[in-house]
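Before any comments, here is the structure.
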Amino acid sequence: MILSIWRYSHLSLAVSSFVFILIASVTGIILAFEPIDHAALDYKPADNSVLPVSEVIKILQSSYDEVLSLEVDAQGFTVASVFSMEGDSGDFYINPETGIKIGEIEHQSSVFQFATSLHRSLFLKSTGRIFVGITSFLLFLINISGLILVIKRQQGFKAIFDKIVRENFYSYYHIYLGRLSLIPIIIITVTGVFLSLLRFNIIPEVRLAHTINEEKLVENPQRILSDFPSLEHIYLDDVRSIEFPFSEDASDPFKISLQNKEILVNQYTGEVISELPYPLINLISGYSYNLHTGRGNVIWAVILALSCISILFFIYSGFAITLKRRKSLLKNKFKKDEAEIVILVGSETGGTMSFAKLFQQELIKNGKKVFIAQMDQYAVFKKMGQLVIFTSTYGDGEPPANAKKFLRKFNNIEQKNTFSYSVVGFGSLAYPSYCKYAFDVDQQLYENEVSHQFLKPYTINNKSWEAFDQWVDQWSNKVGITVNVPRDNDVTKQRKKTKKYKILYKTKASESPDDTFVVGLAPIKKQKIKSGDLLAIYPTKNDHERLYSIGKDQEYNILLSIKKHEFGLCSNFLNDAKEGSEIDAVKVKNPDFHFNLSKNTIMIATGTGIAPFIGMMQENAKKQTITLYWGGRNEASFNVYKNRIDSFLNNGRLTEFLPAYSRISKEKVYVQHLVARDAEKIAKSLQDGSVIMICGSILMQKEIVKSLTEICKNYNNKPLSFYQKKGQLKMDCY
Ligand SMILES: Cc1cc2nc3c(=O)[nH]c(=O)nc-3n(C[C@H](O)[C@H](O)[C@H](O)COP(=O)(O)O)c2cc1C
């Protein structure tokens, strides 16, 4: 609930102010180039910090007939206002070492003038300035609410900079860039608000009023400038500006603004007549201006520009995230009391909704009367025979935003008839309480007399479509219907532009006892490929793609291992394809499943899941320790890979090969048995930073995850999520 409040605040603040923020950011990017542009002028002397100010005054006075003032800007360039009977007069940049004019004062270019007016006041004068001030404040609040959301998401302040669990591109980079630009944006907004308050005199800047000691307005003892006691140890970089005396009268002093104070200096004796420190508010005002504009520091100006660019990305990604959530609104064809199947969805960010909606649509196509609702909308469903609950888990094992009231409602609302239920948990193994809320829901329903467990609770890691598909198979088989949910991900929604790949080598499924075969193929046009990436293959123009894990092969470029299914469209298509023919496919990057060349790795695969590992072993030129657990029926199943694995063992690219054959003895041996047998060794490897990679069936993945969870808890006293977050557990299962 609290999370939702912060999320709604973040969103509503952003929506209400995004136009102004957009304008401020775009103009901010332009204006950040002003100090960069200014710094590019070559006016600066060697070092202001070694130039005594008395020396500079002397040089100026001897070079010009009259000197009115001198100013050192934030960049360290010196501007003098002088008058001369012959030679240069007016305001210009000088070399303070020689007093010679070195450049004219540039006027603000029309682009910067335009951007400044728009940035400061939207061309609306005072009214505009008020809007801009308020926008700054709103952006500050957006930043703070964003920070709180990140703290909640990362589960603690200390974990802010821990690895972000990747949900999707937009939310990942929204958080990633948000963390990077947090401090600069806070500085931009706080200084922006402060400058607005100063502008409207809500915080008044203090004008210094010197009280003059009349006794010090004397002409004696006269000193030469270098002997002025007041100017001793003052160098040009301590100075902001100097107003020179108007006349030769002793009551006309030098007015020298230093970084933190202002002094009046007698022009004859060099004594300090008055000294006033700048009030804090004036100092803050100066710093605020420089921090907000980037004046005086090119690196800071670049950071400001980058922060403004990231604000533009936040607007874009923020809308994309919101649209994704809105798209997951639920629609019904049947009323709740006529539905025989009720689907309830618990979702925080909309991911689970997409799966539930797909399932609903397919059931309706099957002629079923289905009603879908959020979990918190639990009510009496008069004809409900089957209840299916899809729910994610949030926080640390907590219900998602729209399921907070579900358990209370479930206990208070009485259904008229008994019904069967199944719970599917959507979660991530990167969190210690994996799918906990789904298990909590299942437990409550299990304990109730009216609800009967139809299927055991089923978990889905990282929105795996394959895992979902397998659950749908289980459920529909048990109900006695056929439901085929189409894959609904970014790859399939829009068919990507395919490329041609040539088949260079193939074995035949009929040659293997498991109907498995390998294909070596190469793209016609060169492209960068890494083992662990996926190849989306389209058997025909109108078909959905099928994804296969790539092993990068020296000889053929891409190596795929495929199991032929009796009615499998793509596997049959590939099995029938001839060497030399071309197919349509798209490479899909899968960076979460790439081999880390500098880590020891434990690879666990069943069947065709070995393909990406073959590629990775080939890449293992550094000869890191690789242990391969592989599960198949018998040695004959292994023949198709044998040559390659033997050569890796011989050349040291594979350290140990541990096969688990399920059909050679009475007792079936699966990879999870070998993993459990080697528990201590695996726990130690994890402690030493090794990576575990799993590729193969979802069923195997579930068993291995179960074993690893036990191993981590029993030997290392850590949850498996600890290693997953550190990138030590990588999975690609189907
Ligand atoms: C802040 C945050 C906390 C999460 N906490 C858990 C958790 O405790 N257990 C878990 O299994 N998954 C957790 N997840 C993962 C989500 O449950 C998972 O990504 C799910 O697919 C999201 O579905 P939704 O988009 O429908 O909410 C968390 C995700 C985030 C962003």
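One is the number of the first residue shown, and numbering goes on along the chain from there.
Cβ atoms here come from the backbone N, Cα and C positions, even for glycine.
Database features (TrEMBL):
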DOMAIN    341-480  domain 'Flavodoxin-like'
DOMAIN    496-598  domain 'FAD-binding FR-type'
TRANSMEM  12-33  transmembrane segment
TRANSMEM  130-151  transmembrane segment
TRANSMEM  172-198  transmembrane segment
TRANSMEM  298-323  transmembrane segment
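On the 0 to 100 pLDDT scale, the model's mean across the domain 'FAD-binding FR-type' (496-598) is 88. Listed by sequence, the residues of this chain that lie at least six past the ends of the transmembrane segment (172-198) yet keep a Cβ under 8 A from its Cβ atoms are 28, 129-130, 132-133, 136-137, 139-140, 143, 146-147, 150, 153, 160-161, 164, 166, 204-205, 284-285, 288-289, 291-292, 303-304, 306-308, 310-311, 313-314, 317-318, 321. Secondary structure of the domain 'Flavodoxin-like' (341-480) per DSSP, as helix, strand and coil residue counts: 55 helix, 36 strand, 49 coil. Each residue of the domain 'FAD-binding FR-type' (496-598) gets a DSSP state, and the totals for helix, strand and coil are 14 helix, 41 strand, 48 coil.
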